[in-house]
Amino acid sequence: METFEISDFKEHAKKKSMWAGALNKVTISGLMGVFTEDEDLMALPIHRDHCPALLKIFDELIVNATDHERACHNKTKKVTYIKISFDKGVFSCENDGPGIPIVKHEQASLIAKRDVYVPEVASCYFLAGTNINKAKDCIKGGTNGVGLKLAMVHSQWAILTTADGAQKYVQHINQRLDNIEPPTITPSREMFTRIELMPVYQELGYAQPLSETEQADLSAWIYLRACQCAAYVGKGTTIYYNDKPCSTSSVMALAKMYTLVTAPNSTIYTTTIKADAKPYSLHPLQVAAVVSPKFKKFEHVSIINGVNCVKGEHVTFLKKAINEMVVKKFQQTVKDKNRKTTLRDSCSNIFVVIVGSIPGIEWTGQRKDELSIAENVFKTHYSIPSSFLTSMTRSIVDILLQSISKKDNHKQIDVDKYTRARNAGGKKAQDCMLLAAEGDSALSLLRAGLTLGKSNPSGPSFDFCGMISLGGVIMNACKKVTNITTDSGETIMVRNEQLTNNKVLQGIVQVLGLDFNCHYKTQEERAKLRYGCIVACVDQDLDGCGKILGLLLAYFHLFWPQLIVHGFVKRLLTPLIRVYEKGNTVPVEFYYEQEFDAWAKKQTSLANHTVKYYKGLAAHDTHEVKSMFKHFDKMVYTFTLDDSAKELFHIYFGGESELRKRELCTGVVPLTETQTQSIHSVRRIPCSLHLQVDTKAYKLDAIERQIPNFLDGMTRARRKILAGGLKCFASNNRERKVFQFGGYVADHMFYHHGDMSLNTSIIKAAQYYPGSSHLYPVFIGIGSFGSRHLGGKDAGSPRYISVQLASEFIKTMFPAEDSWLLPYVFEDGQRAEPEYYVPVLPLAIMEYGANPSEGWKYTTWARQLEDILALVRAYIDKNNPKHELLHYAIDHKITVLPLRPSNYNFKGHLKRFGQYYYSYGTYVVSEQRNMITITELPLRVPTVAYIESIKKSSNRMAFIEEIVDYSSSETIEILVKLKPNSLSRIIEEFKETEEQNSIENFLRLRNCLHSHLNFVKPKGGIIEFNSYYEILYAWLPYRRDLYQKRLMRERAVLKLRIIMETAIVRYINESADLNLSHYEDEKEAGRILSEHGFPPLNQSLITSPEFATIEELNQKALQGCYTYILSLQARELLIAAKTRRVEKIKKMQARLDKVEQLLQESPFPGASVWLEEIDAVEKAIIKGRNTQWKFH
């Protein structure tokens, strides 16, 4: 039983950090040095490595003294001095005024079985003192009645001396409270209390005795606390440190002391913050604020109730008030609505000192130095004088404007991955070009080309070519600048700190020798540059051309548009496609897909050609690099600046998302053959053309990667995963590791955005837990795929977890017959995934989702499956009693049938108020146990994130003692233990409203199911829906028309197959008369078959029509030959074989008759097929839900 050790309070306090803080040295943030001005200016720095428990020991005695001063403030016998000293490790704190009552404590004497006096109880007995039960108007800094005892328990020895005007009490306390000597009590008229002690330094991580450095460092900290206390108690009481009075008896003096060296001669703004109701109005707060550009972040010193308060709602209240004024003034000054100042910006140049008392506060944090009080106390009762805020705001705004000025134009940085041209910056600088490579692989290609040497003597080399890496990404400079109009009307463009510190862009500026103050309109100005031009060498994919190159152009257009006008910005246009004809080693090269498409249409066949795509520069081999660099000059194209470019740069890279959204609602207009020929003939590319084609294509592609299509509710990545899954698991649905399946998708579906993001998407597609995005998982996850606890972020590594296709569900939701009718994406000339699916049910409104993209927000809340089924069936079935009503609603764009949020896997409540639904968690209140048990959270709220949000809310944690989470992945059980007497106060403070009761408000057990129904359209661009009904109404015709297309295509295929099989049967019957074996070749045999009326057919197309359209079937199927007859083997001419063919024809004819019948169905062709497929999907969903989507 040795493991079940029993420890008393004293021993526990010696060993555990929970009482006074860490018991060893740690780095403590927020420790600031102070400065004192004697004859010479003297700085007292404070190092950050200290033992919190030791500082707590000293602080407890100081706070006890200031508490006593406040308690005696309005009494006859006041505290006139507090003497603090520290010498050779011995700390002492003394104050006059009434001493501790020297009377016996009956209860303690009875327990100890000896005479115990009140001073001993106050200093040696844990959980005893005057601060345990505090009144609401109490302004004491003490909290739990353990502070002085902690000082004793961490002291080698201590001497307590107190005099109450009649007697003097002296008591020695040794060995960390283990040896308490009897007190000496003598008559005395004095009135004071003094405590001296020697901490156990060695136990707390210090030398014992203290080293000189430690002694000086601790002395500086204690001096700081003495100065703080001097400001707190004011001029009526003198604070001494080592017998020297502290001169900081006001908040102004304290602020000056802190900033004497760091911000000398700064204006100090002071004010008094008053309250309008008792008890707060009895204790105004004194505030001093120092505003200086030398401060780089907001800092504050708060001495509240004598405690050095590290944070609290009073500071937040002041910061928000300052920020509100600064934002207003800043907007009036800069006159730029797109320029936003944050709370951090507004307060980063301020040092604030707050001194005073606040009644009824709680002290939290391990060292009990974090102020906690309901935030609405300040909003309701306290007010900050407007004159103070106004005068201070003017200074803050002036500093903000200065900080974003152009004084930092020539900041020098270390430029990574830069190779200088030998002639750069010299007499031949204008003949040099800087090659800006997209990344490391592009740098390797350039280096290979520039070092060809003798094999390419007339080609480019390092003599006139430098190289620099763009690092694979460029910052959007357009969003990092602010235009400020001065009083004189001049517009100044200022860069923010992020832009000036950006290594890539600043590296380009430094390497080229660019000056932000120069416009480069004249040749004389341009001649000062270190290079004659910059050549962008980027991949031919959307990321390279559309994003990186576009951002580089935008950067130059923003600061130096004249350089583009004079041809300074160029690009290396490398071949996108090479076509090798069989037997010919010289390829045909194409730089745009439109060129290749036009060429391909003119070819009779590409069977003898090999087509290779080069979207990445790294795809070119050594031979191809040599070939390119022999004609390097011909591959360098110059950008030109046309009239419409300025507006397009603003649209695609500026801060006005509404302009960009309007532009991106339409698709890209591809380059025409005439345009590509024009570009090649002059080797010039208008910026507007690049932006309208490449940049817009990238933006639209980014949207499709982040926002789903309304037809299938899928982003491009998820669509690739589904298409890859249907292909990969088609023949064998055995489980595969996530990373293996990810590799398959990347290879077969041409995924180009990294393994990590792909594997993450696969894992999400298999997640199924309460609150997950997908109510209908695409894959069955085998292993740990994440839980509700962390919102799925706790999934296992892709190397260890596996997936298999949820085939029973997927194959019913996405019928195989649809796959031949859908439009497909072509990557590198090969068919990849469909541009969109059209599932049997509207998946876009059946699952959850949220994502932003290019100014749009996408947020959906899954709708009730039963409502969706009812609506879709009513739309299809003309015998449904609600059929006509629904069609009337669709025609008139109204709603008649419910389409409620899904409550599947959710044990809470859904309620509607106005136009929005709200989800509510559930809870059980136990007044007897003073506890609330949360049994369900609002929809899609992860457990850990929820608990963290509660803990971050100080006004809620003021009532909470402990939060314990016993939740599983399926169920919620969160125990919220309240502090004593908190329940009634919670109900009083967190008011009940129509939408939520007090407990729901307090525990944040409600969220709004607000939707942003922005989806990608089938042909690209965004469509904005106003309701889930609109999505459903838009989706229905696409699914409906698919049945007619499917049936018409099936009819065409059946007819062709019947024609072919009938011809074969006829040939078998007439083969003896035709006797084709007597003819010498197939051509002659074909002539005979033609003369006898046998149709020439394209057997391969009829047998495997796959992606052929009806038009292609009708045109090409009857333009074949007679291989289907001439390839028949002898056994296929037997009577048994003929009989089987006749039966096959009958079955096909029967199916054709059925198809013809389905095409004549009402209200539309294939209506009954759709109903059957809906039944199959519903059955699969029910089975999936009943088996946790394992289907077994």
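The backbone N, Cα and C atoms fix where each Cβ goes, glycine too.
According to Swiss-Prot, the protein has these features:
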type     : residues                                                                     : note
ACT_SITE : Tyr800                                                                       : active site, O-(5'-phospho-DNA)-tyrosine intermediate
BINDING  : Asn64, Asn95, Gly142, Thr143, Asn144, Gly145, Val146, Gly147, Leu148, Lys149 : ATP binding site
BINDING  : Glu438, Asp539                                                               : Mg(2+) 1 binding site
BINDING  : Asp539, Asp541                                                               : Mg(2+) 2 binding site
DOMAIN   : 707-1174                                                                     : domain 'Topo IIA-type catalytic'
SITE     : Arg799                                                                       : site 'Transition state stabilizer'
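This view paints the features noted in Swiss-Prot onto the structure.
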residue	record	CB count, 10 Å
Asn64	ATP binding site	25
Leu148	ATP binding site	24
Glu438	Mg(2+) 1 binding site	28
Asp539	Mg(2+) 1 binding site	24
Asp541	Mg(2+) 2 binding site	19
Arg799	site 'Transition state stabilizer'	10
Tyr800	active site, O-(5'-phospho-DNA)-tyrosine intermediate	12
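Predicted-model confidence for the domain 'Topo IIA-type catalytic' (707-1174) is 92, expressed as mean pLDDT. Counting only the Cα atoms, the space from Arg799 (site 'Transition state stabilizer') to Asp539 (Mg(2+) 1 binding site) is about 31 angstrom. Ranked by Cα separation from Asn64 (ATP binding site), the recorded positions Glu438, Asp541, Tyr800 are led by Tyr800.
When secondary structure is read from DSSP and collapsed to three states, Arg799 (site 'Transition state stabilizer') falls in the coil class.
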